[in-house]
Each structure stands twice: as C-alpha cells, then as structure tokens.
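Worksheet for the structure shown next.
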C-alpha cells in the first residue's frame with residue numbers, strides 16, 4: 001500500500017542531497033538569484049502552492065510525473081476512506097447496509113498491505129463507491145471536524161468512477177489535491193524579468209522543522225502558508241493540539257528568528273474556501289479556537305480579520321512588513337493572480353531597502 005508514496009519519499013531524499021550540495025556551493029551575493037523559502041505547518045497547503053508555481057511558471061508536470069501520480073491518487077483515496085472509517089468508529093456510527101462490513105475489511109487489509117499499490121480493482125471500486133454512499137459513512141463525514149481527515153477526501157471520493165476508468169490519467173487538478181508529506185527539501189526554479197527564482201519547500205511536520213533555519217538565512221523572502229480552515233482541527237502528530245494554534249506559534253518562531261531579520265514576509269492565509277464553508281454554511285464559529293473572538297460568529301470577513309491580526313501580532317518588531325493574501329491554493333487562476341502580485345512585490349524597487357535584492 002505504501003510503496004507508491006515511499007518511492008516519492010526516496011526521490012525527495014535524493015533530491016534533497018542534490019539541493020543541499022548546490023546550496024553550499026551557491027554564491028549568496030549573486031544579485032540575479034532570488035531565493036524564496038516556502039514555510040508552513042503540515043497540511044497548510046504550501047506544497048500545493050509549490051505545485052502551482054510549477055504549473056504557472058515552470059511548464060507544469062512531465063509525463064513521468066503525471067503517470068507516477070496515478071498510484072498516489074489511488075492511495076490517497078483509500079487512505080482517506082480508512083481515516084473516515086476510523087472516525088465513524090470513534091463516533092460510534094453504524095453502516096446502513098450489511099455489505100459495507102465486507103467493504104471495510106477490504107479497505108483495512110489494503111491499508112495494512114505494504115505491497116505496490118496500483119489502480120483500483122473492481123472489488124476496491126465497489127467497496128469505495130458503496131462505502132461513500134452509505135448513510136452511516138456520510139454521517140461520519142458530516143462530523144469530520146472531530147477526527148483527522150484530509151481536506152481532499154471528498155474530492156477523491158467524488159472522482160472514484162473517473163479514476164477507475166482504464167485510461168485514467170491524472171489531471172493537474174488531481175495532482176494539486178494529492179498529498180504526500182514533504183520530507184526534506186523540494187525545489188522549483190523559474191525566471192521572471194531577468195531574475196532567477198529558487199523556491200524551496202521544506203517539511204512541515206514537527207520532525208522536519210529543525211532543518212529549516214540554518215540552510216536558508218540568505219533567503220530574500222519567505223512565504224508562510226497557513227490554513228484558515230484548521231481552527232477546529234487537531235494535529236496529525238498528536239491528535240490533541242489545535243492546528244491553528246500550532247501554526248501561529250510556528251509563525252512566531254520563524255518571523256522572530258535572528259536569521260530572518262532582513263527577510264520580507266509574505267503570509268498566505270490559505271483554504272479560504274473551506275473556511276467560508278465552516279463559518280458561514282456549517283455555522284462553526286471561530287470562537288471554538290479563540291475565546292476572545294467576539295464575532296459576529298457567521299461573518300467571514302470578521303473571522304478572517306481576526307486570524308490575520310493574530311498572525312501579525314506574533315512579530316516582535318512591530319514595524320516589520322507582513323504582506324498578507326487570502327488564498328485557495330487549489331484554484332490555479334486565483335493563485336496565479338496572487339503569485340503575480342507577490343513576485344512583482346519582491347521585484348519592486350520599493351522593497352530594495354528591505355533586503356530583497
């Protein structure tokens with residue numbers, strides 16, 4: 001089950017060695033190279049932002065990359081169903097049809113199998129389809145804030161039939177929704193207006209964070225990606241810590257670190273679409289995470305402004321510029337607009353005095 005993802009992790013490790021060697025050799029004074037650091041807690045969407053940069057500025061994904069993602073799509077779908085079934089058990093919901101007990105057994109066996117995971121078998125297709133249609137599973141999904149479930153779960157469940165077709169090829173949107181934890185460093189390069197950008201995405205899980213700081217003290221700008229929608233969720237690593245609280249504390253550590261005193265900070269408050277759904281449609285007030293939030297509880301603008309203020313307040317230097325954007329990282333058109341504005345900001349002469357270049 002895990003080999004298709006472990007291959008990606010091995011590839012990441014090899015790439016990480018290459019990048020570290022190049023970093024050691026790079027001339028920090030080269031004015032035509034702009035190094036950008038992409039930071040954020042796990043599952044904030046920063047790797048999705050990097051994929052968007054690859055699509056928008058670096059001619060997208062190769063045929064080999066697209067082909068390799070098919071297994072990742074399948075693995076993510078089965079993993080999401082496994083997590084949903086765990087949540088269902090936690091909430092003590094029952095299946096509405098008996099056949100789903102056999103389907104659950106297949107999901108569990110597949111998740112425990114460490115062999116290569118390929119396209120859905122007919123049995124797996126039937127299991128996923130009928131489980132997703134089950135009323136008990138749907139009830140658990142509606143209560144997903146009480147257990148860990150990846151944001152892209154519904155996207156992949158709704159795509160089960162399409163993914164099961166013999167000639168299925170992952171779309172860019174499919175790839176944007178895939179999830180493989182970033183281990184080490186991933187780099188994307190592109191040139192704009194005569195400047196060579198090197199963008200580095202580093203691991204967001206706790207175990208990866210200590211590797212960030214010393215390697216990137218010469219970064220010209222930092223893009224910190226924070227998920228707005230995680231205010232009612234807990235960390236995958238410990239299942240107790242509020243994810244937004246964790247992200248805010250991480251932002252505090254990074255923005256006040258001595259290595260980044262002269263680094264401009266760009267804050268992406270990401271997943272605003274999911275945030276709006278929770279605040280407006282599901283009526284889950286931000287007060288769940290912050291007792292000081294006075295509302296109005298269903299006011300999206302008030303909630304976003306509160307979170308933005310929380311992040312900004314973490315800077316010890318109150319004069320430090322923090323350029324904030326509200327984003328949906330899976331929306332290529334919107335991300336392109338935001339990235340164009342960000343890169344123009346980085347290149348503008350107005351910010352030369354801030355140590356950009």
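Placed from the backbone N, Cα and C atoms, the Cβ positions cover glycine too.
In the three-state DSSP scheme, residue 182 (Mg(2+) binding site) falls into the coil class. According to Swiss-Prot, the Mg(2+) binding site annotation covers 47, 182.
Among the features that Swiss-Prot reports, domain 'G-alpha' is placed at 32-357.
Swiss-Prot lists 4 with the feature S-palmitoyl cysteine.
Among the features that Swiss-Prot reports, region 'G1 motif' is placed at 35-48, with the record citing sequence analysis. A Cβ distance under 8 Å defines the sequence-distant neighbours of the region 'G1 motif' (35-48), meaning residues of its chain 6+ beyond its ends; these are 150-151, 176, 179, 181-182, 186, 197-206, 212, 216, 218-227, 230, 235-237, 243, 246-247, 250, 254, 263, 268, 270-271, 327, 329-330, 346.
The region 'G2 motif' annotation in Swiss-Prot covers 174-182.
Residues or ranges marked as region 'G3 motif' by Swiss-Prot: 197-206. Looking at the region 'G3 motif' (197-206) alone, the prediction's average pLDDT is 74.
Among the features that Swiss-Prot reports, region 'G4 motif' is placed at 266-273. Outside the region 'G4 motif' (266-273) by six or more residues, the chain places 40, 44-46, 49, 151, 221-230, 251, 304, 307-308, 311, 322-329, 331, 338, 342, 345 with a CB less than 8 A from a CB of the stretch.
Across the range of the region 'G5 motif' (327-332), the DSSP-based residue counts are 1 helix, 0 strand, 5 coil. Swiss-Prot lists 327-332 with the feature region 'G5 motif', giving sequence analysis as the kind of evidence.
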List, in sequence order, the same-chain residues at least six positions removed whose CB sits under 8 Å from that of residue 47 (Mg(2+) binding site)? 182, 186, 201
